[in-house]
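These notes are about the structure you will find just below.
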Amino acid sequence: MAITYLKKSPKTSSTDDTKTTGIVQDLLKNIETTKEQGCIDLTKKFDKYDGEIIVSKERIEEIKKTLDQKTKDDVQFSYERVRKFAEAQLKNYGQDFEVELSDGLFAGQKLIPVNTAGCYVPGGRYAHIASAVMSVTTAKVAGVKNVIACSPPKEGVGAHPTIIYTADLCGADVILNLGGVPAIAAMTNGLFNNPPADIIVGPGNQFVAEAKRILFGKVGIDLFAGPTEIGIIADAKADPEIVAVDLVGQAEHGYNSPCWLYTTSKELAEKVMKRVPELIAELPEVPRTNADAAWRDYGEVILCDTDEEMATISDEYAPEHLEVQTENLEWFHKRLTNYGSLFIGEETTVAYGDKCSGTNHILPTKGAGRYTGGLFVGKFVKTLSFQRMTKESTELVGAAAARISRYEGMEAHARTGDVRLKKYGYSS
């Protein structure tokens with residue numbers, strides 16, 4: 001059956017995006033420099049408001065006393081149902097469910113995988129075989145029907161043979177000999193006879209990361225990735241050789257890979273700082289060059305007085321990979337809140353997680369561990385809500401929705417409730 005548009009919009013939601021982007025960039029740059037005063041000045045300019053910015057408790061109490069009771073009742077009605085649904089979502093996290101929020105009002109959620117995922121597998125400086133495992137496998141387990149893998153080709157060869165083998169083994173439906181910006185653009189725009197990707201995942205260099213950032217919105221992405229990072233929390237119990245080796249193990253990724261040591265032991269710190277350059281000097285040329293620059297320009301050793309100070313500074317940095325090599329491992333496990341992936345005890349190390357131990361190595365960087373985790377099946381799954389209700393439940397829900405809409409000044413919204421109340425024999 002052919003699709004016929006009886007009315008087609010002359011514009012899209014992105015019609016004015018370019019102009020908007022420029023305006024927002026200028027405003028953000030202004031506020032970055034002028035801080036709070038910039039916010040105050042712009043609020044006065046755009047909103048014609050020059051009062052207090054922070055709402056005082058006195059102002060809140062004043063509103064409580066002066067707001068009419070019917071409005072407060074309607075807000076309470078909305079709050080109770082939204083809270084009940086949120087509690088049901090938390091209880092049933094990662095599962096389909098349906099719950100009756102009030103008599104005749106049912107709401108729930110369905111988990112539906114995206115149709116097409118694009119998986120970027122780096123292959124420039126190193127052949128990142130494990131990245132194919134991490135991205136393609138997770139997408140397939142999530143139920144994605146169509147997985148496209150892209151990896152940079154070498155002259156006369158194409159993508160690294162082992163990357164191709166790995167992507168195929170893990171379930172990639174299509175493998176493209178494409179790298180960098182062309183790969184991200186091809187997956188986003190559905191080139192080479194493939195459907196456009198709904199989400200693109202996988203690590204890459206700064207050009208890959210920037211392409212994903214620019215195209216975000218047109219396509220979903222896993223996260224805004226930067227250079228790989230390692231943080232190590234270590235006390236006097238830690239083995240300085242292990243600590244130093246692990247720092248160098250991540251520094252070899254690239255010249256701009258941060259390496260951070262948080263410790264309460266000055267003796268350990270001094271031993272590590274002496275040993276790291278020695279270990280770097282023993283590496284082959286390419287990893288040696290990378291690690292030397294990373295340690296020189298991005299390496300930090302931070303001496304703390306207590307375990308709590310180490311935990312606090314680590315949470316501020318929110319490292320992509322965080323190792324804990326201390327006496328009190330379980331305390332840190334419970335206390336730490338910001339990181340991409342945690343490696344508890346000297347028996348495990350970042351390389352295990354990077355290559356084969358099971359946890360995913362596509363992780364947040366640049367402090368993003370404060371608000372997100374790494375790649376997991378949920379990145380490929382949409383949590384979609386639904387609701388249904390009886391005609392009888394319209395008496396309460398329809399009337400409250402109409403009143404709230406009018407409080408907000410949204411008359412057309414209100415009338416969608418009115419028309420149902422009238423049809424089903426209730427007064428608004």
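Cβ atoms here come from the backbone N, Cα and C positions, even for glycine.
It should be emphasised that the depicted structure is a prediction, and the values quoted were computed from it without experimental measurement.
Zn(2+) binding, as stated in Swiss-Prot, involves Q250, H253, H413; the candidate among D307, D315, D354 given for that site is D354. Here E320 (active site, proton acceptor) comes close to T228, E229, I230, Y339, G340, S341, L363, P364, T365, G369: these same-chain residues lie at least six apart in sequence, with C-beta atoms under 8 angstroms from its C-beta. Using H321 (active site, proton acceptor) as the reference Cα, a 10 A cut-off selects Q250 from the binding-site residues Q250, H253, H413.
For H321 (active site, proton acceptor), the Cβ neighbour count at a 10 Å cut-off comes to 26, with all displayed protein chains included. Cβ neighbours within 10 Å of Q250 (Zn(2+) binding site), excluding its own Cβ and spanning all shown chains: 28. E320 (active site, proton acceptor) carries neither a helix nor a strand DSSP state and counts as coil. Compared over the binding-site residues H253, H413, the count of CB atoms lying within 10 A of a residue's CB peaks at H253.
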